[in-house]
Amino acid sequence: MDWKSMLRTGVHKPGALTAGLSVFLTLVYVLNWVFPINEKILLDPGALRKLQLTRLSLYPLAHLSIFHLLLNLMSLFVPLSMFEASHGTVFTGITLNLLAIVTGVVYCLVGMLLYPNVYVGGASGWCFTLCGYFAVQEAGFRPHYELASLKMPTLYIPLVFLVLVTLLMPGSSFVGHLIGLGLGYLIGFRERWLQMATPPGWLIVKIETWLDRWISMIPSVVKYHRESSVDRTAGYTPLYQESELPLHNDNFPGQGRVLGP
């Protein structure tokens, strides 16, 4: 499965978790206009010391502006749907929660020393984690991408995005994004560690069996990826097939490739 086919209506339905999370993030943002939700879930560097578990796990749901929300939704939708399709809906949900907690803990440990009064929120940490993860997977097939005479190592492309986001949006959390990206690289290189930190597949299958009645009620416009239908050991399919990559130029003696989508 490639990312472009997911954007073609009717070819691949978005994952149930991906679609549901997009709706839920939007709902939380709207409800925050009426109820002070963000005040309760924004990540405070002192949350770890105060054992505020709500802040440590729910801060990705908080968004400070409509631009912040839309940017994260657009950045998250395709890579998360790809990850969900290859790893399963429940497994992906557990992974997101685990990533939020680990990122939050590391952010607090650093923040208590460097920025004790800086609160953060938003799903951009997940975006950078997925970006790092897929960069590692893609680099195994294509170590470099070329644009004109510029050759960019595939593994470094997320770092370029990180720098650009930091420069264009100076109010964003560089440390939070860096932690998220680092976790993405870690999962990409050591995905077995993620498997060890999550419930075994047989348990997820059992839970899905218990919840089968409710799972069957999920609208058909999205796809629920059951644990029994995914194979997390299957090989990765690169974003671009080799036949899609060449960009010929009579004035350029080599072969060019598009950078990114």
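Here the Cβ of each residue, glycine as well, is placed from N, Cα and C on the backbone.
Pulled from Swiss-Prot:
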- 17-37: transmembrane segment (TRANSMEM)
- 58-78: transmembrane segment (TRANSMEM)
- 94-114: transmembrane segment (TRANSMEM)
- 116-136: transmembrane segment (TRANSMEM)
- Ser124: active site, nucleophile (ACT_SITE)
- 155-175: transmembrane segment (TRANSMEM)
- His177: active site (ACT_SITE)
Separation of alpha carbons, the residue listed as 'active site, nucleophile' and the residue listed as 'active site' (Å): 7
Where Ser124 (active site, nucleophile) sits in the secondary structure, as DSSP reduces it to three classes: helix
Remote residues contacting the transmembrane segment (94-114) - C-beta distance under 8 A, at least 6 residues beyond either end: 21, 43-49, 55-60, 83, 87, 120, 125-126, 129, 173, 175-176, 179-180, 183, 194, 197-199
Listed in sequence order, residues with CB under 8 A of Ser124 (active site, nucleophile) and six or more positions away: Leu71, Asn72, Ser75, Val165, Ser172, Ser173, Gly176, His177, Gly180
